[in-house]
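**Q** As annotated in TrEMBL:
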BINDING   S66, G67, G68, A69, D70, S71  ATP binding site
DOMAIN    61-239  domain 'tRNA(Ile)-lysidine/2-thiocytidine synthase N-terminal'
DOMAIN    288-355  domain 'tRNA(Ile)-lysidine synthase substrate-binding'
Amino acid sequence: MGPHPAVAAIRLAVRRVLHDILTDHSRNSEAVATAAARAATAAGDAAREARRHERPPSPLVLVACSGGADSMALASALAFEAPKLGIRAGGITVDHGLQPGSDLRAEEVVLRLRELGLGPAESIAVTVGRDGGPEAAARDARYAALDAAAERHGATAVLLGHTRDDQAETVLLGLARGSGIRSLSGMAAVSGAGGRYRRPFLHLDRQTARKACMVQSLPVWDDPHNADPAYTRSRLRHEGLPALEKALGKGVVEALARTAQLSRDDADALDTWASQAEVSVRDAAGLLECAKLYALPPAVRRRVLRRAAIEAGAPAGSLFARHIEEVDRLITGWRGQGAINLPGKVVAQRQGGRLVIRQG
Ligand SMILES: Nc1ncnc2c1ncn2[C@@H]1O[C@H](COP(=O)(O)OP(=O)(O)OP(=O)(O)O)[C@@H](O)[C@H]1O
């Protein structure tokens, strides 16, 4: 008899991602080996040439595990699938230090990871700042710790347990911010430096992950923050989405996740278009020509303006849609208005048919 369908589903999702990781890893190893061989041949170095034929070490994949159902399911599937593919598998849990006893809980998670056969398995304590609110500050600290752990252990990839439900929530949050299709595109299946972060469960629902833990008798920890109405995401999870499902039907989560994928493809295409357009709207001195900007479709023009503002020194995270709209009005609604102040002390100004954006 095969495994329970929920267990089969989580294992398949992880197996697919591990295959991708192996393909990328061998491609990168080959590129490194070829470069080394060229250097060795050029230097006439026989020893280095011989080392070229040694087998590269098997890749290490880490799971980022909070101890919650999603990431425990992910850890169990990684522990099951990785050895079959010759991949080493470990796990990291981050102790945000936001609740009393969080250090003990983190140690418990480490024990569970070890019981699954994962190694290295460790907890990392971080200090959460205040920048951007509690959720963003915890996330920043967590990713910094995961990045550092991946570097320290030489990990090829770090798996995250975001599910289709998390993706649906992210799309709704983006929609509510009203800042264009990039924010509707949710989380990428592959992200981070060199494609380090992978999200195998992005097409899997939360219930399946939970069920997989249950049938494997894996103890899971329910983060009280996930149910705390003080957090926006928690309100969305427990009030917003259930209300939407009641009004629109059960397929809402799946439809939102599909919207994320479609929006991501559209946003990527528009970004490429904008980077090409940016070259064609500059004059010989590199200044943006207003008439040429005017002729661009608004979605492309706004992207060109955003890129120009960031290039001039405006921090991307503080540059909002309303800033770009104001700059855009220098092109589409010109009536002699003055300079526009942007974050990072960047100033946008129209001068004799040219748009000048610089730090002032
Ligand atoms: N404290 C942590 N330590 C390590 N990884 C974490 C931690 N918190 C979150 N993660 C990673 O980020 C993913 C998303 O976390 P988030 O808290 O947004 O979702 P969740 O639905 O509560 O996930 P989970 O059920 O796995 O806790 C987790 O699945 C896990 O991979």
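Just so it is clear, glycine is given a Cβ too, placed from its N, Cα and C backbone atoms.
Can you tell me where each of these features sits in this structure?
**A** If you take the C-beta of S71 (ATP binding site) and look for same-chain residues 6 or more apart in sequence within under 8 angstroms, you find V63, A64, C65, L160, G161.
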**Q** Output: those binding-site residues from S66, G67, G68, D70, S71 whose CB lies less than 6 Å from an atom of ligand 1, in sequence order; none if no residue fits.
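**A** Close enough to ligand 1 are S66, G68, D70, S71.
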**Q** Within 8 Å of the centroid of the Cβ atoms of S66, G67, G68, A69, D70, S71, which other residues of that chain place their own Cβ, given that this set defines the recorded ATP site?
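**A** After dropping the recorded site residues, what remains is C65, M72, A73, L74, G161, V220, W221, D223.
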